[in-house]
Each structure stands twice: as C-alpha cells, then as structure tokens.
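Everything on this sheet refers to the single structure shown next.
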Amino acid sequence: SLSATDKARVKALWDKIEGKSAELGAEALGRMLVSFPQTKIYFSEWGQDLGPQTPQVRNHGAVIMAAVGKAVKSIDNLVGGLSQLSELHAFKLRVDPANFKILAHNIILVISMYFPGDFTPEVHLSVDKFLACLALALSEKYR
C-alpha cells in the first residue's frame, strides 16, 4: 500500500509532468508496442506502424496518461476511481491485466528519461508502488 510519503511524492511528481503527460504517454505506449510486440494484438486496427509518433499512438498515449492523472487525483481510492476503466478493460476490451504491469514499466522508464533530476531512487520507489496499485485497481473487475 501507499504511505503518506509515497502519495506526496507521486502528487509532487505529477504536478511537474502533467504538462508533458500526453508526450510521455505516447513514448511509453510506443516503447511498449515495440519492446513487447505481443501487446500489439490490442491495437491491430491501427496497422503495422505503431511508433510513438503515429497519430493513433499519440492519441491513446494521451488517453492513458489522462487516466494516470485521474488515478493521482483518486490516490486514496484507486479501485473506486478506476472502476469504470477496469470494467471497460475487463469486459469490453478484454485486455490481459498482465499488460498493465508492462505499460507501468514503460511509463517509469519514460518518466526517468524526461525528468532525470526529479526521479530520485525514493521517487522511483513511490511511483513504482503507485503504478502497481493502479494496475491492481484496473484488475479489480477481472475477479
């Protein structure tokens, strides 16, 4: 679970990255699709070019990071705050919840690239814990 310190670190970092969140989301999603090609199955209607600069990846990256922003605002109740998104991914999109952890890995990587001075080991730990809790909350409707 997230401590008060973890929550404060995540909120402080989000304040810094929110303005670039769409760009970070596109980079994270694009990296995931290249590095973990099995995830492309969920985006087959987008064609073969799924790099970070393609319009579809840029748009969905922005959607993903908007959801992360919503999660930051709902940090004290992630399951409730992400309930509709969990339902969408479980019942309509049928996304394997293991992919949430893969995306979280790529989000962490991209944050560290864009904000190296802010991404201390302590912040890394808090963000990792937060994204693990977010992935768990998104998996709630799968049970």
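Note: Cβ is positioned from N, Cα and C throughout, glycine not excepted.
Here is what Swiss-Prot says about this protein:
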- His60: O2 binding site (BINDING)
- His89: heme b binding site (BINDING)
- 1-143: domain 'Globin' (DOMAIN)
- Ser1: N-acetylserine (MOD_RES)
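Recorded features from Swiss-Prot, shown on the structure.
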residue	record	contacts (Cβ under 8 Å, 6+ apart)
Ser1	N-acetylserine	Cys133
His60	O2 binding site	Gly25, Leu29, Phe43
His89	heme b binding site	Val95, Pro97, Leu138, Lys141
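DSSP assigns Ser1 (N-acetylserine) to coil, not to a helix or a strand.
As a whole-number mean, the pLDDT of the domain 'Globin' (1-143) in this prediction is 92.
The residue listed as 'heme b binding site' carries a helical DSSP state (H, G or I).
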